[in-house]
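Novice: The structure that follows is given in the form of C-alpha cells.
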Amino acid sequence: MAQFNYLNEINSLATMDGPITRGPLQRWAKKSNSENINPLSTSFKNHSNVNLSSCNQSMQKLSISANQSCNNSVISTNKTPTRTEHKKGKKTPSKNKSPGRSTTPTPNKASKTPNKADRFIPSRSNSNYDLCHYMMSRDDDKNEEVPQSAAGEAIGRALTDTEPGRLLQYTCKAPAAPEGYQNRLRVVYSQAKVPSSVKNTTRYIPQAPDRILDAPDILDDYYLNLVDWSASNILAVALGNSVYLWNAGTGQIEQLCTLEGSETVCSVQWVQGGGSHLAVGTSAATVELWDCEKIKRLRVMDGHTGRVGSLAWNMYIVSSGARDGNIVHHDVRQRDHAVATIHAHTQEICGLKWSPDGKCLASGGNDNLLNIWPIAQGQHYSQTQHLYSFNQHLAAVKGLAWCPWSAGILASGGGTADRTIRIWNIKTGANINTVDTKSQVCSIVWSTHYKELISGHGYANNQLVIWKYPVMTRVAELNGHMARVLHLALSPDGTTVLSAGADETLRLWKCFMLDPSKKKEPTDSKAAKSLLNMNSLIR
Amino acid sequence: MSQQQTKNCITLRGSAQIICEYLKFAINSVLFQRGLYPPETFKAEQQYGITLLISEDAQIKNFLTNLLTQSEEWIINKKVSKLSLIIINVANKEVLECWDFNVQYEDGDVALSKEKNETVGSKDLKKIQQEIRDVMLQVAATISYLPFLDCRCSFDVLVHAKTDCDIPDKWAEAKPVEIANAQNVQLKTFSTSLHKMETVVSYKLVD
C-alpha cells in the first residue's frame with residue numbers, strides 16, 4: 001500500500017494546485033457554495049482532510065475540465081505552486097487583513113471570508129514541489145496537443161475535403177498556356193541570384209547619369225530602334241510620330257519631321273561618317289531619307305509590307321529590316337533604289353547592323369534567329385544567302401553590336417526568355433562566350449576606349465551593365481531608369497552612353513571617360529575629330 | 001451592379017452576384033499574377049476602385065462565364081460550400097497550387113428580411129466593395145511568397161457541392177486533389193451579410 005499512498009499524495013498535491021489556476025471554475029463553485037453539491041468543491045473540502053479517494057476523483061474531474069476548456073496558458077506559466085498562491089493571495093486568511101489588497105478587484109471575491117477558504121496547505125516540508133510541478137506540466141503537454149491536432153484536422157479537411165458532398169467540375173476545360181510560353185516572372189524570381197562579381201577597376205565610373213532629358217511619348221516597343229547619335233554629335237530621337245534632333249554640343253533641339261495620321265516613326269539611323277543624312281523607318285512600311293541640315297525630305301523609299309523597325313547604313317546603301325521579315329537594300333543614289341531584297345526572317349526584324357569594315361551584315365529577328373549575311377561581290381549590299389544562321393538565342397535578338405577594334409567579333413543579346421549576351425566570331429562562326437544577364441537585353445554598345453561593352457536591360461532592374469571583354473565579368477551596373485532601357489547610343493567621342501528608357505527619359509552616362517593621365521594619347525585621334533565635327537556644325 | 005431595391009438592401013440573388021463577380025475577378029487576378037498566361041492576353045479593368053486584369057482569351061472567358069453562371073445558381077440555392085481553383089502542371093498533371101474560395105451562408109438582416117418577406121442583407125455596398133478590394137490587394141501580394149511556376153500550367157475549378165445537387169449538362173464528378181507538402185495561407189474574408197467568402201491559398205512548399 002505504500003506505493004499507493006505515495007501516488008495518492010502526489011495526486012493530492014497536484015490537485016491542490018489545480019483549482020487555484022482555474023479561477024473561473026473556482027468562483028463559480030464559490031457562488032453556489034451554500035451546499036457542496038459540486039463535486040469540485042467537495043474535493044476542496046475533502047482535501048483539507050486529505051481524503052485520498054476523493055482527491056483522486058477530483059483530479060480526474062479537473063483534468064477533464066482542463067481538456068474541455070483548453071485553458072492551459074495559465075497553468076503553463078505558473079512554474080511553482082507557491083507563486084500561484086501569492087498571485088491570488090487573497091486565499092490565505094492572514095493576507096486578508098491588509099485593507100489595500102482587499103479593495104483591489106480580484107477574480108475571487110469570496111476569498112475575503114476566511115472561513116470559506118478553499119485550500120489549506122498542511123505541510124510544506126512534506127511536499128515534493130518539483131515532482132508536483134513535473135506532474136502538472138506533464139498534464140499540460142497532453143492538453144496542449146488538443147488544439148494542435150484540431151488545427152491539423154482543419155488543414156487536412158481543407159486539403160482532402162472530407163465533408164460530405166460531391167466534387168463537380170465543368171468538363172469544357174480552359175486551355176493551357178500556349179506552347180513555348182514562359183512565365184515572365186522568371187526574371188523576378190531569378191534576379192536575386194545574380195553573381196555580383198563586379199570586378200574592381202581602377203577607373204571611376206559615375207553611378208548617376210550626367211544628364212537626364214525628357215523623351216515624352218517615346219514608344220515602349222522592344223522591336224524598334226528610336227535613337228541614333230551621329231558622328232557629327234547630333235542625336236536623333238523618334239518620339240511618337242516625330243523625329244527630334246538634339247545637338248549634344250550646343251543643347252539645341254530641332255524638330256525634323258512629323259508623320260501624318262496615325263503613323264509612327266519606327267527607326268532612325270544616321271549615315272556613316274558624320275554626314276547630315278538621316279534614314280527614317282516608318283510604320284507605313286517606308287524608308288524616308290532626310291537632309292537634316294536643310295530640314296528637308298529627300299526621298300521616300302518603299303519595298304516593305306510591314307513597319308520598318310531597323311535600319312543600317314553601308315556607304316550609299318541603306319538596309320532596312322521590317323516586320324514582314326525582309327531586308328531591303330536601298331541604293332539611295334539610284335532611281336530604282338531597291339537593289340536587293342532578302343527573305344531574312346520569318347518574323348519581325350528588330351536588330352540590323354553592318355560590320356565596321358562593311359563586309360558583313362548581322363540581322364536579328366523575332367524568330368529568335370541571328371543571321372549573318374556576307375557582302376555581294378563588288379557591291380555594298382549583301383548576298384541573299386546567309387553565311388551563318390545562329391539559333392542559340394531563345395528569344396528575339398535585338399541587341400546587336402560589332403566590336404569596333406576586333407574585326408569579326410559580334411555581340412548579340414536576346415529578349416526576356418533568353419536574357420543572354422553571346423559573343424560570336426564571325427570569321428569562324430564560333431560562339432566565343434555566353435553570359436546570362438538575368439534580364440531582357442534591349443541593346444548593346446561597345447566602348448571605343450576600353451575593352452568593354454555596355455548593355456541595356458529591362459525587367460526587373462532596368463539597369464545598364466558594363467561588361468569586361470573577353471571575360472564578360474561585370475564592371476559596373478548603372479541604375480536609374482524606372483522602366484526598361486530600350487535603346488543605347490554612344491557619343492562620337494566615345495565617352496558618353498545615351499540610354500533611352502520606357503520611362504520617357506534619355507539619360508547620359510559618362511561611363512567611358514578617359515583617365516586624365518592617359519588623356520594625351522587618344523585626344524589627337526578621336527576626341528579631336530569629334531571636336532572638329534562639332535566646330536563644323538556651327539552654322 | 002447588384003440588385004438594390006432600396007439603399008442597403010441586398011437580396012439573395014444580388015449577394016450571389018457579388019460573390020460570383022468577386023470569383024471572376026479573383027480567378028482572373030490569380031491567372032495574371034501567377035503568370036499562367038501571357039500578360040498581353042489580359043485587359044485592364046477598373047473594379048472595386050482598383051485596376052484588375054481580365055483575360056481576353058475567348059476560351060478562358062467562355063469557361064469562366066459558364067462556370068460562374070452555374071455557380072451563381074447553386075449559391076442562391078445554398079448548394080455550394082467551396083470552389084477550388086487548382087493550378088496544374090501541364091506536363092505531369094501535378095497540382096501545384098490550390099485557391100479555395102469557401103462560401104458560408106449567413107442570415108443577413110433578420111428584421112428587414114421579415115419585413116420584405118425574403119432573405120435580405122443590409123450591409124452597405126461600399127463597405128462590401130472595400131472588403132473585396134482588400135482581398136484583391138492581398139491576392140496581388142501573394143506573388144511575393146508563392147513559389148515560381150516554372151512550367152506550362154493550366155487551371156481548373158472544382159465545385160464542392162452538396163450531395164443533393166444535380167449534375168447539369170457538361171458537368172461531371174471530379175476527384176479530390178491533393179498537394180504534396182502543402183502550405184496554407186488564409187487571406188482576408190469578406191461578407192455580403194448573406195454570404196461570407198473566405199479565400200485560402202495552398203501551395204506546394206519547395207525546400
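Each Cβ is built from the backbone N, Cα and C atoms, and glycine gets one as well.
Sharing the feature lines straight out of TrEMBL:
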- A:65-81: compositional bias 'Polar residues' (COMPBIAS)
- A:85-94: compositional bias 'Basic residues' (COMPBIAS)
- A:101-114: compositional bias 'Polar residues' (COMPBIAS)
- A:213-509: domain 'CDC20/Fizzy WD40' (DOMAIN)
- A:65-124: region 'Disordered' (REGION)
- A:342-383: repeat 'WD' (REPEAT)
- A:415-434: repeat 'WD' (REPEAT)
- A:478-510: repeat 'WD' (REPEAT)
Novice: In the repeat 'WD' (A:478-510), how many residues does DSSP assign to helix, to strand and to coil?
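Specialist: Taking the repeat 'WD' (A:478-510) as a whole: 0 helix, 17 strand, 16 coil.
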Novice: Restricting to the domain 'CDC20/Fizzy WD40' (A:213-509), report the mean pLDDT as a whole number.
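Specialist: Here the mean pLDDT over the domain 'CDC20/Fizzy WD40' (A:213-509) amounts to 92.
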Novice: In the repeat 'WD' (A:342-383), how many residues does DSSP assign to helix, to strand and to coil?
Specialist: 0 helix, 21 strand, 21 coil
